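As structure tokens, the structure follows; a few thoughts come after it.
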């Protein structure tokens, strides 16, 4: 059965059929780099990395492009506030973004284009729109004639006549129509600018992605993705620009991930209710944050709380402990016959995982299958005799499916001393709070990793087992 994808354009699930058999062209709108990312910003790279990994797992060759907006009003404002060069600010936050997303297990894009490196393509794109009558110049600014594109509003399901003037699009008396949006901004004194047929200036936000999609992926792509907040006006405007320029559909499938809310309100820098990703990585680990994100369906909103994050941490540790137990049992097991029923049962979990993930990349249900696999593994570990072949089959499947999600479940490498000390301290705190179940869980986790604890009057001592 084909993968089913919820297409924001048609507002329904559809079988995924790429333009070219076996190949997928995918574009994800990247960050405007003027600050460190918060966990809401971290969700798109994580979920679309998961989707990219799953498509590759299902045999597709994926060409993945994600951009950096490295010149923008916000970047200029921050640079002015700090008294720094615009490009220095952008470069600093690009590097910070790369560090955070790498820690979160996000694979490098095949192409990471920057606006400042795509200027000639952006200018050429606008020139074509102007020649076709879809764009006009006013005092060095260039605008898009929104009403001229008869399908405007098809992604966000809005009639052009129902759109409120200036509600989401900046009102400007130089526009022919209040709904027209800017393609090129005339230079302001002291701001960074580029030469163009309309004088010095810089591009508007929406045209940048249209130009980069065309440059790296062509006129029509398979998947265009981003946060739910980008659906209108950003993605709507991208469609208008690109389809008027090429005369072809921009993308066949549009994917949008849900928000992360804090106290039931969307997390956003403008609201000041953000939790920085690097802070969460330091406090809880990048792997826990990624697992937390993937424990919900990518289109569903997540109401963030420390309790939910702690639950994700316990869930991930349960899976890792199950795998560690399998790995340690391997050393004392032998090969013998009659294991086919177990091997067949293990293989069924692969089929279940694929079935869940084929349904619009449902990582939450995929993780539920992993928990069922862990239960089955623990049941097998209670057998009097355990077969190396069966144990290895369990381990291999955990590695395989964990890899699809970008989560390491087999922690065969030794825990670092600092991690051991942190877990022992957490166990001490749990015992003080009379949370003996958590204390026992930590002892079991350390035991599975070959760490032996000894409670003494002077405190807890530990050593690595042989």
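Positions of Cβ are set from backbone N, Cα and C atoms, glycine also.
According to Swiss-Prot, the Zn(2+) binding site annotation covers 29, 209, 234, 238. In the three-state DSSP scheme, residue 29 (Zn(2+) binding site) is classed as coil. Note on residue 29 (Zn(2+) binding site): other Cβ atoms within 10 Å of its Cβ, all shown chains, come to 23.
Under the heading ATP binding site, Swiss-Prot lists 269. Residue 269 (ATP binding site) is surrounded by 15 other CB atoms, counting those within 10 A of its CB over all protein chains shown.
Marked as phosphoserine by Swiss-Prot on the basis of similarity to another entry: 270.
The motif ''HIGH' region' (31-41) scores a mean pLDDT of 96 in the predicted structure. Swiss-Prot lists 31-41 with the feature motif ''HIGH' region'.
Here Swiss-Prot flags 266-270 as motif ''KMSKS' region'.
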Which listed residue (209, 234, 238) has most other Cβ within 10 Å, given these are binding-site residues: 209
DSSP output for residue 269 (ATP binding site) maps to coil
Any further residue of that chain within 8 Å (Cβ to the Cβ centroid of 29, 209, 234, 238) of the recorded Zn(2+) site: 205, 206, 208, 210, 224, 226, 230, 235, 237
